[in-house]
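One structure is given here, and the rest of the page talks about it.
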Amino acid sequence: MARTTPIGRYRNIGIVAHVDAGKTTTTERVLFYTGKSHKMGEVHDGAATTDWMVQEQERGITITSAAITAFWQGSEKQHKDQFRFNVIDTPGHVDFTIEVERSLRVLDGAVVVFCGTSGVEPQSETVWRQANKYGVPRIVYVNKMDRAGANFLRVIAQIKQRLGHTPVPIQLAIGAEDNFQGQIDLMSMEAVYWNDADKGMVPVRKPIPAELQELADEWRSNMVEAAAEASEELMNKYVDGEELTNDEIKAALRQRTIAGEIVLAVCGSSFKNKGVPLVLDAVIDYLPAPTDIPAIKGSDPDNEEKLMERHADDNEPFSALAFKIATDPFVGTLTFVRVYSGVLASGDGVINSVKGKKERVGRMVQMHANAREEIKEVRAGDIAALIGMKDVTTGETLCNADKPIILVRMDFPEPVISVAVEPKTKDDQEKMGIALGKLAQEDPSFRVKTDEETGQTIISGMGELHLDILVDRMRREFNVEANIGKPQVSYRERITKNCEIEGKFVRQSGGRGQFGHCWIRFAPADEGQEGLQFVNEVVGGVVPKEYIPAIQKGIEEQMKNGVVAGYPLIGLKATVFDGSYHDVDSNEMAFKVAASMATKQLAQKGGGELLEPIMAVEVVTPEDYMGDVMGDLNRRRGMILGMEDTVSGKVIRAEVPLGEMFGYATDVRSMSQGRASYSMEFKKYNTAPSHIVETVTKKQG
């Protein structure tokens, strides 16, 4: 089958933002204007087409990023052919940053939505940081221009100040709040208005109102200057006072946006149907096609040192990244993939190069909001869901078995909070095991383990809301009723002293014995190293090369058990520098045990300390309650970092230990009569004070 849309007309984009910037409403409008959903869904009435899990509709927030395929030819049909958009809607709640992170990983560009009133909020910073990490070109869309206190240019200034990027507006707002009427298009230098009759489908262009002409001229020259900086040739033309054509300006702005040098900004009101078609036009004009960005990097499964790459081309070997696993009541497991290269037809065999397992693709579907279309093949640049994958987890690579590659992996954060779950009845016991397994496969930031001493099932995640929603899904989707214990903090441990320790494991009693012997130098790891930093300094073959990995494994396994109170050890540098072996009795197992015994001795010799997770907390509160909120944060051992005034109230930034924040949602509401809101995300681990160490050690017995 031939390709229906050339890859140059693909746009794989995400719509990202923080809670309540109006992101899902914007996605809804995108679907409406691109003709895929003829009834607009509103988040207010719980009918939005991308929010398809029941909890999302109830809570009015988006949890799973649905991938939707849509087509667009331009707001005034200015393009000869249609462009194919694959749009990924992402959650903005900080407990789901992992969802945002993995969506950004497979996107080529993003539309970052800000609220015209509240501007840059705590979560916008998180999302912006993630987009920087993956080098995603983006456009800023300032939404909710019809809201009281909305001000486009103020938000632009805030982005510059708080996010360190200077946005280049390609539009200005005409009016604001109740009087918001439309935009000034700085490219064509016209005013653009919208009709309620066609729900803001087709822009109506008129001359710029006289009172805004001067402002428009000023920002037009700002835009032209940004374009001129794209090349020496344009700069010379600009300096010589020659006019740049709109085509030259567009091409230059596109080039600089894709290179990540500038961020273009547009405005509108999705809810009032004023402006989304122009956002779609900007996506076509300024965001990259899969062929405009560098080839994806990867490594050879047999030799991680050997780097490889795949270009966005149908003729290259097939490679794709699984970026989301969803359980569907009708077809079972859906594996959402982004195809980077090659072609895959249904029925083909592929290999999961991370696990080295073969998989056969059953059916393939593309999602259009909440309808599905079955397709026969996927090609480079496509995003689709595969049905029939047996053992694929988020972040793994599917590729051609003859030409395997492991695409750059995603990093998933370690969970910071745990609770015990117990099934209510015997029947629930087995169902709960299956349900938790499926949920963990979908969400790598959610972990399940069994406590060996108590036999309890412990689930861990990124925050209270994260675990609440997972337990809720277990009840709804898998009919499992469970009792939930009190949240527990996931502490960590580290050593503070340098020491040299001998690990020796000898068992020789007739026949084949065991002999492992090593000397290890332990120290706190170098800055920025979170896990084990393992160094081999053995010379002269006193410990044969083949036993070195076993020593590393022995240390890693023992690190899980800690040295103070049984919590995992982090930031450890271990240098194996000496030892001995026995020709007959030495084997990998013996060296693993020897290394494990050496690591155990850190409890006496390593000066271990307990670390507690510290959260970055931002509370937005009306001024009347500020004293109470700050006093309360201080009582929770919080460190206030600063405050600022915003339209929505005072913003207090603080760092607070997670252990003191349980139940904060209820407390902050009652303190402020329901008017304050807060967000928090994991920041770092800090040394825990002595009273916490005492309580924790006592509890661990």
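Glycine is treated like the rest: Cβ placed from N, Cα and C.
Taken from Swiss-Prot, the feature domain 'tr-type G' covers 8-291.
If you draw a 10 Å sphere around the CB of Met145 (GTP binding site), it holds 30 other CB atoms from the protein chains shown. A coil conformation is recorded for Met145 (GTP binding site) in the three-state DSSP classification, outside any helix or strand. Residues annotated as GTP binding site in Swiss-Prot, with sequence analysis given as evidence: 17-24, 89-93, 143-146.
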Taking all residues of the domain 'tr-type G' (8-291) together, what is their mean pLDDT? 82
Please give me the CB contact count at 10 A for Ala17 (GTP binding site), counting all chains in the structure. 27
For Ala17 (GTP binding site), what is the secondary structure state per DSSP, taken as helix, strand or coil? strand
